[in-house]
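Single-structure report; data block below.
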Amino acid sequence: MAKAAFQRTKPHVNVGTIGHIDHGKTTLTASILAVQSRKGLAEIKSYADIAKGGTVRDATKTVTIAVSHVEYESDKRHYAHVDCPGHADFVKNMITGAAQMDGAILVVSAADGPMPQTREHILLARQVGVPKIVVFLNKVDLIDDKDLLDLVEEEIRDLLTKYQFDGKNAKIVRGSATAAIEGKPEGEAAIQELMNAIDTEIPEPAREMDKPFLMSVEDVFSITGRGTVATGRIERGVVKLNDTVEIVGLRDTSSTVVTGIEMFRKLLDRGQAGDNVGLLLRGVDKDGIERGQVIAAPKSITPHKKAKAEIYVLSKDEGGRHTPFFNGYRPQFYFRTTDVTGVVNLPQGVEMIMPGDNISVDIELISAIAMEKTQRFAIREGGRTIGAGRITEIVE
């Protein structure tokens, strides 16, 4: 069947759910689709569909591992929504998922209040540059005491402020995602309030349309008879059919031509900043491109191994290391969708870095990746985030 052309009528915004495991992120995503589908603004999807790629834990729960993309509309906008994994082990995916957000919906269970991963996700949202967080206080139907809800709300505001979000004025919507799925009026009303909140609170992103095209590769697959498709979110610029592009990072830079562009299984003649697209690349083998490389306008970005960076090392209370590290420390660095091992070299006269410190260091990666000044990254070790940083200068 011929694919429908994608209609651009409303402004397009990327959002996503973040928060602690079992606080209701995926249930909220399902409830938004359920409520909006009743108005003809979304296609309904079940919890199990959204949590696809999850590993089943018991009869009712799925640990959401895969980042799941869904789409829906409000009265004003078209949203692409990523359901981000909440489990601590999968923060790595959270880093690639949160990178796709113009704003985040932080889901907090009223019964539990903020938990360790709530904190970690807010920090990561700050590091990957999510500009605005709207809060959905979920499961309020389980709490009879309004004072308790006020306390939880206060705690959330303090936490947002701690990580440089506007906690004082943050929009906090109280509701029950399950009640919304079941079609209960108070459940649906909360989802409507949330839709209004994301419409007004999450700024329409200043798309970086005029900059040279760049997309970080998230996934690669081959389509029989057509060639290799690379998927990801266009970070900046515009790509059109038959544009020449470069594949940069992890191996020698190569050049190719874009022979197809699609979004949500519909064909486009161009993709622009903020779109999640698949690009069909001429003459590229499935093995010729991998996650973590970038596809970019020719000569617009180059691969580098060495840089200076300002880093913040999480304190023990924030879930970071308990002990200092020394010159020559070798963690993983997460850039866009790439994880690369590298070495941290401390400034002269500095013997060690303590948890809670922030400091300027030199980093050297084992593979060259597409890198530029002001780019953010996370520092990971043994499956958890221990710090975050920003490139201040490219060395070589």
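Note that Cβ sites are derived from N, Cα and C of the backbone, with glycine treated the same way.
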Report summary line: Range annotated region 'G4' in Swiss-Prot (choices 114-117, 138-141, 390-393) is 138-141
Report summary line: Among 19-26, 203-210, 379-386, Swiss-Prot marks as region 'G1' the stretch 19-26
Query raised in the report: Looking at the ranges 51-54, 83-86, 271-274, which is given as region 'G3' in Swiss-Prot?
Result: 83-86
Query raised in the report: Taking 60-64, 300-304, 335-339, 355-359 as the choices, which stretch does Swiss-Prot tie to region 'G2'?
Result: 60-64
Report task. Rounded to the nearest Å, what's the C-alpha distance separating GLY19 (GTP binding site) and THR26 (Mg(2+) binding site)? Just drop the number here, would you? Result -> 10
**Report entry** Integer mean pLDDT for the domain 'tr-type G' (10-206)
**Finding:** 83
Report task. Calculate the distance in Å between the alpha carbons (Cα) of VAL140 (GTP binding site) and THR26 (Mg(2+) binding site), and round it to a whole number. Result -> 17
